[in-house]
Amino acid sequence: MAASPILKKATAPKASLGKKLNPLSYLFFTVERSSNKSELENASFLDDKFVYLLAFITIYLLLQVVPVVGFPRDYKYDNLLNPLNFAGFDIDNKGSLIGLGLFPLVVSGGFIQLLTGCNYLNFNFSKKADIYAFSNLQKITTILISLTITSLNVFVFDKNFEVVSLLGKALILTQWSIAQYIIIHIVECMDQGYGFQSGIMTLALSSYASVLVENLLGVTSSNAANGKSEKTGVLFFLFNAITSTDYSWVELFQRFFFRNDLPNFSTQLISLIVGAGIVFWFNFRYELIIKSTKMRNVQQAYPIRLFYNGIVGIWISFAFLTLVDYIVINTLSLVPIELPPFATPILALTYKLIQGAILIFLNLSISQQWTVFTGSVKTAIEQFKEQDIIIHSKRDSQQELTKTAEQASQTSALLLGLVVAIAGIFGFRFQNDIVSGIVAFGSVMTLLEYVIIEMQENGKDSLIFKSLGWA
């Protein structure tokens, strides 16, 4: 019998990936959500959170200083054109266990969540098995990204490892993979309530603070490009240079503000200024006038933050583009092509302009999709309906709320995209420091909201707050 042109075959719903990905649960620990009950008598769980927070941050910062066994002693840092090396992701090519830091987590988390939001991956989040499968898929993707990039560095791109034996390379990769495994579970513990959400933002902020202190007050000495031994901290360098006869005033000014081989004061200052700008813009709100359908003449403002999605969009966009930069730049470095002297700066500028345009477009696209994926607008609309609230002078409250949220997310995405794209024209180091400032100060504002909520709920019972006289 011929198929009817009118009757269409019903499309079967996609099968959930929960059961298919169940074997991944044998590879990773599952952290259950905190019960929000303190292990101490007469104490608030807020006290426990502070203890967990300090413990996790300490472990993470220790990974930044513990050296990798078997790492080449005579490592030359100019052998690898590595745009991945910046404070925003704590990536380290100096031989510490931190390896690629938070970078694989940001890439995998953004990638998997975007695929899920676009319905390329199907999970039923009402089922516990699917929630665990979703989490484990991000974890295994993180490990694979970390292992792939570190393997490319060790075996292909980085010439420093040519002197290391095959067994030594395997040992180095194993140490970095184990450290990445630890970082994954630290972040998950903090996300599950053992600390203040979000875990990845907390670690990024703590790392930025430690790097900033080191860049300003570092007492270690390094061989600079001018052949002299200089302090890594710019303020200690300034003090030593002023009291030394080795520097003229012109050279001192140039090295203090503009040295490229070591941290300089200009970059740190601009990073802090951009961070202060982020704090300033975080306080901007779109306001909608809402009213109750049951009470007359009762109106109030409903604020929608300008940075509706925070720094999520720019962080993921920059991570994706940085990965492309890493592959393109290091692959081209293997091609034996000599360009005329005038061609190199032209090509570099063209590449940066194209990169900036792609970054802005990518950030706008991700921010738009993220607003839909999170379901925050949908949740607000449901709350409006439950409480019989409508937007004043608007016929369709749902449409107006959706439009305002999208406008806020797109405006902030364009603003951040322009700032980072312009910073990229001045080089990787400057751009990386600017992104670090954006991520750090954006994390401060996001985490502050969580901390305030916790303080309001549990602060009165906190032993820490009582000892400080705050409760």
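Sequential numbering from 1, following the chain as shown.
Backbone N, Cα and C atoms are what each Cβ position is placed from, and that goes for glycine too.
Predicted automatically and left uncurated, TrEMBL annotations should be read as such.
Residues annotated as transmembrane segment in TrEMBL: 50-71, 97-116, 136-156, 163-187, 199-220, 232-249, 269-286, 306-329, 341-362, 411-428, 434-453.
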Ranking 50-71, 97-116, 136-156, 411-428 by Cβ pairs under 8 Å to the transmembrane segment (199-220), which is first? 50-71
Is the number of Cβ-Cβ pairs under 8 Å between the transmembrane segment (50-71) and the transmembrane segment (163-187) three or more, considering only pairs separated by 6 or more positions? yes
Contact set of the transmembrane segment (97-116) with the rest of its chain, CB cutoff 8 A exclusive, min separation 6+ beyond the ends, reads 60, 63-64, 66-68, 84, 89-91, 122-123, 134, 137-139, 141-143, 145-146, 149-150, 175-176, 179-180, 183-184, 187, 200, 203-204, 207, 315-316, 319-320, 322-323, 366, 369, 373
Contact between the transmembrane segment (411-428) and the transmembrane segment (306-329) (at least 3 Cβ pairs under 8 Å, separation 6+): yes
Near the transmembrane segment (306-329) in space but 6 or more residues beyond its ends, with Cβ under 8 Å, are 81-84, 88-89, 103, 106-107, 109-111, 114, 149, 278, 281-282, 284-286, 355, 358-359, 362-363, 366-367, 370-371, 374, 405, 408-409, 411-413, 416-417, 420, 435, 438-439, 442-443, 445-446
Which sequence-distant residues neighbour the transmembrane segment (232-249)? Criterion: at least 6 residues beyond either end, Cβ under 8 Å. 214-222, 255-256, 262-265, 268
